[in-house]
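Trainee: My questions all concern the structure below.
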């Protein structure tokens, strides 16, 4: 693991490209407006009512796909499978492809784990009451660092994970980005279907996770891994799986 971090450090230092803009201002501006509009228009009706039973059942079926545990395990598996392939395969092309897979695993791991950690810290620091307690506290009740999950609604941790994961795939495979965005919205909104979060919690989580994926992609591009930087600073996925 020490060699892994040393390799990243060398790549970072060798890069002659300056750090591109992180676009956090634009992301924050759009997210704040979407969150405020959601709070004004949707959060109160959602908190005051219950989703119909079929909708809640659908949400319960789908919401588990946004759990970070299986995504983290999958990313670790990709990383070590790729590393093993790099050592065992013979041709230069096969080795390059195996290494590419391992870096995809590393990218997904960093994106999902660190965005999730930050989101969980934020939700504890903000301490917004969940929709289950709307009739007791309303939608603008906050108890920072209460240590109780009832006051850990904003932003949604599941939605952060979903936003990070599907944004990562949208950056890696931009041809399918519309499908990935649709999946992220659907899985994020399952948290509203099951009554665990307000829509504004989900919007904030999806946006934060997606921006964190962009940030991580920029850092990887700066190190020459998986991505390259376009003239405007946007990370573009490298392609190693072309046919011969």
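Quick reminder: no glycine exception, Cβ is built from N, Cα and C everywhere.
Pulled these from Swiss-Prot:
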TRANSMEM  28-48  transmembrane segment
TRANSMEM  60-80  transmembrane segment
TRANSMEM  98-118  transmembrane segment
TRANSMEM  154-174  transmembrane segment
TRANSMEM  178-198  transmembrane segment
TRANSMEM  201-221  transmembrane segment
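How about a rundown of where these features are and what they're close to?
Mentor: Remote same-chain partners of the transmembrane segment (28-48), defined as residues 6 or more beyond its termini with a Cβ less than 8 Å from a stretch Cβ, comprise 131, 134-135, 138-139, 192, 198-200, 203-204, 207-208.
Outside the transmembrane segment (60-80) by six or more residues, the chain places 101-102, 104-106, 108-109, 112-113, 116, 157-159, 161-162, 165, 186-188, 190-191, 193-194, 196 with a CB less than 8 A from a CB of the stretch.
Residues 38-39, 42-43, 46-47, 50-51, 55-56, 58-60, 62-63, 65-66, 130-132, 139, 153-154, 156, 158-159, 162-163, 165-167, 169-170, 205-206, 210 of the same chain lie 6 or more positions beyond the ends of the transmembrane segment (178-198) yet place their CB under 8 Å from a CB of it.
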Trainee: Restricting to the same chain and to residues at least six past its boundaries, which positions have a Cβ under 8 Å from a Cβ of the transmembrane segment (201-221)?
Mentor: 17, 19-20, 22-24, 27, 30-31, 34-35, 38, 103, 107, 110-111, 114-115, 118-119, 122, 128, 153-168, 171, 184-185, 188-189, 191-192, 227-229, 233, 235-236
